[in-house]
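Colleague: Shown below is the structure under consideration.
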Amino acid sequence: MKHRSLKLKEAHKASTGGGGRPALCSIVWDPEGRHLVTASAADQCVLIHYLDPQSKPPKALNHHKEGVTALAFSPSSNSFASGSIDHSVKLYSFPDGEFQSNVTRFTLPIRSLAFNKSGSLLAAAGDDDGIKLIATIDSTISRVLKGHKAPVTGLAFDPKNEFLASVDSVGTVIFWELSSGKLVHTLTGIAPICDSDTSLSNVLGWSPDGEILAAPGLRNDVVMYDRDTAEKLFTLKGDHERTICFLSWSPNGKYMATSGLDKQILIWDIDLRQDIERQKFDDRISGLAWKLNGNALAVIDVMGKFGVWEPTIPSCMKSPIDGAPTLQIKTDSGLLFDEDDEKPSASGSLDNVDEESDGESAPITRKRLRKQSIYEDCFGEDSDGEEGLLRQIESRKKYSDKREVGAGRREECASSIKFARPKMQEAFQPGSTPIQPAKRRFLCYNLLGSITTLENEGYSHIEVDFHDTGRGPRVPSMTDYFGFTMASLSENGSIFANPCKGDKNTSTLMYRPFSSWANNSEWSMRFEAEEIKAVALGNGWAAAATSLNFLRIFTDSGLQKHVICLNGPVVTLVGFKDELAIVTHTSDCLPSGDQVLEVTVLNIPNGTQTIINRLPLTPGSHLTWFGFSEEGHLSSYDSKGVLRMFSTQFGGSWLPIFSASKARKSEDETYWMVGLSGSKLFCIICKSPDSYPLVMPKPVLTLLSFSFPLACSDLGADDLENEFMLSNLSLSQVQNKIEEMVTAGIDATALNDEAFNIETSMDRCILKLIASCCNCDKLVRATELARLLSLEKSIKGAIKLATALKLPVLAERFDGILEERMLNKFKGTMPVSNSASIATARSNVSVCKTSPVPEFSKHQVLKPVTGEEKFSKAGGLELCKSPSKGNTVDGHHQIRSSRTVTPSAKVSPDHKKAELSHNTKVGVKQIRGVVKATEATNKEEGVNQEPSHRPVNPFAKSSKSQGKSSLFDSIKKMKVDNKKLDGSSKV
């Protein structure tokens, strides 16, 4: 294919910000092909260019206050319209360019304009809610169409004046029926998302015969949809390396021009469904326009430079204007009619639609209107005599031929016709980037290192690099003759795979260890008629998922160990040490377009399944990264920028720990995930339009902190609440790890210390939240927070805080929490034979408490005992028996007797208050004495006072003082201290 060079000349100055930023530029031909009209979102001028041999300088129209984002030419050739960021739509006469009127105004920028076939109706849309249909004869708004949930970037009238098609920035296409203004078809998520870059816009276009609607696809292709059913007919997929951003049909509908983010234009033969010409440019092309009466294509790029590609189609091929239809279709929409068109007698205008709906006649449907139009074409009033009969026969013949052509097209495309529903996500490899011809790309990028490949003359050059250059000798590069497109990297080796190739449709899997005691330790496997979709590595094993929904597991020496059937098509695989995580589809996409995914985690050495759970995604998104954190926590990241982590809480749930929409500093930022470590997210920040990093220059890793997407609290302490939730999550993960290690008989002392540090930091955060609650008068919430404190000294700190803030009621509540914590501790340490002492202690405590003392459990409890508690037992567990029934009753009797008041005795309220105050003071002194005595005892014995809620570590060494302590000695000391307190209170 011969490549041609087309030089562009400047029409509009690029935006000065940032050294010339790209801007959305527009270009249109006048219907006679003598002028070009251009505009730029970075320039408030509209330019009319004269293309005759005696060309003169372009005429500038300065009527907008800000950049111009849309142009549309009326088919009548006597006017054109422009839309701007200044929210206005203006109409000009042509060719003199005189300003005629302000057609309408919006509250937000305009993004798209379109005239109908006769030029009597103008559609305008943008960031506002709704598409306005404007009658050009008097600039009145005929109707507003509402249904899009994002800015509308593309509009196109059906050449038969029956439909209006629209597309928005999130890829939703809607078919509107003009006769009723109703939404006929909605195709969700079929076009690329371009809401983050205003220099990009989704567009669509009807074929000149009005039978097919073309729209950009999600796979760097163009998708064709049927006008009546909105079913997918076929696609145009060629050498576009990135998303298509503009398309334009030739006048005869045989060809199509497309431009993409890859800065090239392709010319397609629709019948052959392949590209026949191409042109490469320095900048992205944002506008294309075919000349209506010649073999030429006008182009304009995002920097405001334009040119004419002429001739576009080689002379040996059919001209783009040969056989161009000159449709004179009667308007049966009932909305607005051309002056030379006949109106169906039963339809009426827009103004009397409501009046007719109240009458007896039933509303005419779209299909009936089409049949009526065909009937009128064949048997009109003027079809009289011989000439009329000939016209009838000719019209019937054309209609019959048209139906046969349509049937042939449907039969030809029957294998590819499907309902226009979103497809299931294709399999992908985490940390890989798309294929870039003549450029090095990532096959794998993680926290360990990267694998890159560069295609060169039929083979590829693969390199493995580690972030830590001091880990060992450099891995030698490899020449790839298989065309590997997938890879995974671990500490011990790398694995590669390619899709099916060759006559035998063979897919190859190859493993390369980084070191081995034996030579020739590299191995490979071949699969015929079975394509590898994803690969993963772990400790001593490798895994591959195939198109037959098989999971194949190999040892690192190449032994085929397991072949497992998957529940559905694989999306991705990830390995971490002994665990393999598999993401699969469980069903087709939902009608809303959402993917239905499932996660299964296998322990390869043990042959067990540890997790099976649904994988949640943000509505309208797809999975873009999946993996384990450095600590082994399963995580996922979707295309909407939400990071989730799997937690065992609530029986297994996913927690949203990061949202890119709240973290990014500008709209053109996207985060390309690399991995997780601790409470940090490792990513590469990409600037629009790039959504993935390039190998050169070397990407820079960015660390971002986790942040739950919390609601705005009435405390104004969102950071503290986020810190509290993250600490709680970390503590839960560490506790689960301790339990696993204890069960496996592994020493967990280090994790025990880590859990204590987390508890301490979480207590500090809770105390700050309590202070915020006190300042905002949220005392109930402050009490709830105090119950979450882990350490006794933290509760004492809360009491001091409430006292300092002069909140005695709250301080009393906190004091009650501390007393309850002390009682629970005494309850757990007292033996069965000393139940009377427990009852005595309860009666002493009950004097100072205004609320009832929690009941002792009547069941035996196997209670964990930490090294910090006073009386530890071997193995870390102690059997705590409840008191016998008799002792329990006696204890309760003592509590009741201390509160009993003679019914006949009348006590004044003042006396009650004084007595209550006295009892409270005495009770507080008693409990404080108990606490002080306990603290003194613990201090003498060298035991840490603070309780812990961590799992028991049986390997923790007990102190020598614990071995010498006596239970009865401690009880005796407590009794002596109680007697002293009783004596002092009597005095």
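Note that Cβ sites are derived from N, Cα and C of the backbone, with glycine treated the same way.
Bear in mind that TrEMBL entries carry predicted annotations, made automatically and left uncurated.
Quick paste of what TrEMBL says about this protein:
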| type | residues | note |
| --- | --- | --- |
| COMPBIAS | 908-917 | compositional bias 'Basic and acidic residues' |
| COMPBIAS | 956-968 | compositional bias 'Polar residues' |
| COMPBIAS | 970-987 | compositional bias 'Basic and acidic residues' |
| DOMAIN | 26-308 | domain 'WDHD1 first WD40' |
| DOMAIN | 426-710 | domain 'WDHD1/CFT4 second beta-propeller' |
| DOMAIN | 719-822 | domain 'WDHD1/CFT4 helical bundle' |
| REGION | 337-366 | region 'Disordered' |
| REGION | 882-917 | region 'Disordered' |
| REGION | 933-987 | region 'Disordered' |
| REPEAT | 61-102 | repeat 'WD' |
| REPEAT | 145-186 | repeat 'WD' |
| REPEAT | 237-278 | repeat 'WD' |
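What's the neighbourhood like for these features in this structure?
Modeller: Summarised by DSSP class, the composition of the domain 'WDHD1/CFT4 helical bundle' (719-822) is 89 helix, 0 strand, 15 coil.
Mean pLDDT for the repeat 'WD' (61-102) in this predicted model: 91.
With DSSP states grouped into helix (H, G, I), strand (E, B) and coil, the repeat 'WD' (145-186) comes out at 0 helix, 23 strand, 19 coil.
Sequence-distant contacts of the repeat 'WD' (237-278), counting only residues of its own chain at least 6 positions beyond either end whose CB sits under 8 Å from a CB of the stretch, comprise 1, 3-4, 192, 194, 200-201, 203-209, 214, 216-217, 219-222, 284-293, 297, 299, 309, 312-314, 317-325, 434-437, 689.
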Colleague: How does the repeat 'WD' (237-278) divide up by DSSP, counting helix, then strand, then coil residues?
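Modeller: Helix, strand, coil within the repeat 'WD' (237-278): 0 helix, 23 strand, 19 coil.
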Colleague: Looking only at the repeat 'WD' (61-102), what are its DSSP counts of helix, strand and coil residues?
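Modeller: DSSP classes over the repeat 'WD' (61-102) add up to 0 helix, 23 strand, 19 coil.
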